[in-house]
């Protein structure tokens with residue numbers, strides 16, 4: 001081998017090692033990211049560990065919150081379930097705040113750091129207030145020792161603390177998922193596959209983090225050691241924050257792109273102003289593609305989006321009129337009158353996502369029952385094994401184990417088998433398919449929960465004054481409904497994370513993750529509203545209602561069957577919306593895919609011609 005060949009080979013190796021990412025990410029100092037020393041699974045694993053620890057801290061509070069409200073603050077079952085639903089819903093409402101600040105101004109890294117600090121402050125405040133004020137007498141809050149009354153200031157301090165936790169965790173959650181996905185360049189074949197896999201492992205880390213909360217912390221809290229459980233959550237959140245900061249030099253970053261609300265409003269205003277303009281004959285050729293030098297703010301939102309034919313009224317915002325030509329000549333384009341095609345397509349993307357997003361809300365109503373009514377149902381069953389009592393909230397460990405099992409089965413078994421049998425040109429099992437499967441399993445889970453409740457009532461002592469442990473039916477009969485919910489999560493929530501991240505424009509990735517969180521939020525609020533309506537309607541004429549304080553006198557099974565019926569209706573609507581939906585098409589990536597498909601078709605045609613000639 002000549003010296004020149006050796007030099008060229010070494011140069012090529014150096015270039016490969018120093019290759020910049022193709023998706024526009026930068027390092028901490030704003031320089032283009034180098035593939036070899038940034039991102040990928042090194043940064044991804046750090047963020048997965050961070051997510052697991054933060055989730056452990058969050059669920060250390062959330063998983064037993066309904067029992068804390070009933071045992072420590074002396075609320076009834078319906079009020080406690082509603083308060084938990086409202087709190088959980090607020091957590092995910094704050095995810096929109098975090099996504100907006102991330103996409104617009106702070107970027108994902110800074111947003112994650114700030115909201116994690118708020119999260120730690122909220123947990124510390126809750127731990128202190130519980131230890132000093134709420135758990136009085138010491139050891140109260142278990143099944144035996146009642147807690148005393150609390151002043152308005154003490155209750156206010158409690159709610160301030162838990163809603164500070166909601167703000168911190170809610171603002172952090174959508175951004176950590178998107179920051180993790182940013183560590184993989186989807187324009188690179190190997191990293192693109194890793195990016196898809198990351199969302200499954202992210203959801204797995206979320207569930208494994210909550211496993212410790214649902215078992216060990218859940219046991220201590222169920223025994224009345226609430227302050228110990230809350231302090232453990234605080235310590236976990238502190239470790240998560242430190243670990244997050246340690247990974248700073250390794251991360252890849254996307255620059256914030258400005259306020260998306262103004263970009264949306266510009267499209268709507270510009271389209272309205274040109275409502276009387278006739279559509280040009282040649283489509284995009286006569287539409288504004290933006291400043292070639294990138295001076296237009298909307299052009300800084302990432303890769304350009306290919307033009308689509310839906311919502312044609314919005315296209316008028318990009319039509320170039322005579323007045324717009326004069327403005328262009330004077331280099332004074334008015335963004336409230338003329339918008340680039342990509343900016344218009346951003347609005348279209350969000351409008352196309354809305355029907356799908358709305359259909360996921362009912363599923364979240366089903367999901368939220370694990371933190372409220374499932375726990376209350378379990379508390380009314382036989383929780384004893386010999387001399388050991390199983391905390392009702394710890395039954396959600398079956399959900400977590402089910403999530404881990406089905407993620408493994410999907411990634412290692414179902415997906416490879418589906419890819420082997422898929423037809424040419426088919427995408428195999430898409431995110432939309434998986435979300436639909438999740439809805440089907442959710443219906444089965446609610447039916448299973450209703451059947452278990454029927455048998456719980458059959459073996460219950462209805463003469464007892466309190467329903468805790470009053471049924472001889474073992475709490476382990478709840479395992480199927482928890483396991484089915486876990487299986488549905490793998491298809492629904494992991495599919496949602498992948499779908500909303502893939503189908504939102506580059507400048508709105510955090511918003512895409514926030515949509516997933518928002519469906520959970522709206523599901524909690526809808527669940528609270530549904531419980532309130534059911535209680536009000538079913539308690540007329542002095543009836544105990546479906547969800548009374550003593551569940552033995554109610555009909556929780558009917559509420560579960562009602563949810564199964566509503567989810568079935570939602571499934572039908574979802575199928576119609578999924579058939580209507582059109583995927584986002586990004587210039588560059590999709591064009592290269594189309595070219596590769598054409599090359600494959602040409603190769604197949606050439607092989608067929610050779611075969612024919614041989615015959």
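We count from 1, first residue shown onward.
Glycine too: its Cβ is placed from the backbone N, Cα and C atoms.
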Identify the transmembrane segment range according to TrEMBL, selecting from 417-434, 435-452, 453-470.
-> 435-452
From 175-197, 198-220, 267-289, which range did TrEMBL mark with transmembrane segment?
-> 198-220
Find the member of 155-172, 198-220, 435-452, 559-581 that has more C-beta pairs under 8 Å to the transmembrane segment (395-414) than any other listed stretch.
-> 198-220
When you check the transmembrane segment (226-246) against the transmembrane segment (198-220), do you get at least 3 Cβ pairs under 8 Å, counting only pairs 6 or more apart in sequence?
-> yes
Report yes or no: does the transmembrane segment (559-581) come within contact of the transmembrane segment (41-69), defined as 3 or more CB pairs under 8 Å with a sequence separation of 6 or more?
-> no
Please figure out which one of 89-106, 113-135, 435-452 racks up the most CB pairs under 8 Å against the transmembrane segment (514-539).
-> 89-106
When only pairs 6 or more apart in sequence are counted, do the transmembrane segment (198-220) and the transmembrane segment (113-135) reach 3 or more Cβ pairs under 8 Å?
-> no
Going through 41-69, 89-106, 113-135, 155-172, 356-375 one by one, which has the most CB pairs that fall under 8 Å from the transmembrane segment (435-452)?
-> 356-375
Ranked first among 41-69, 89-106, 113-135, 155-172 for CB pairs under 8 angstroms with the transmembrane segment (356-375) = 41-69
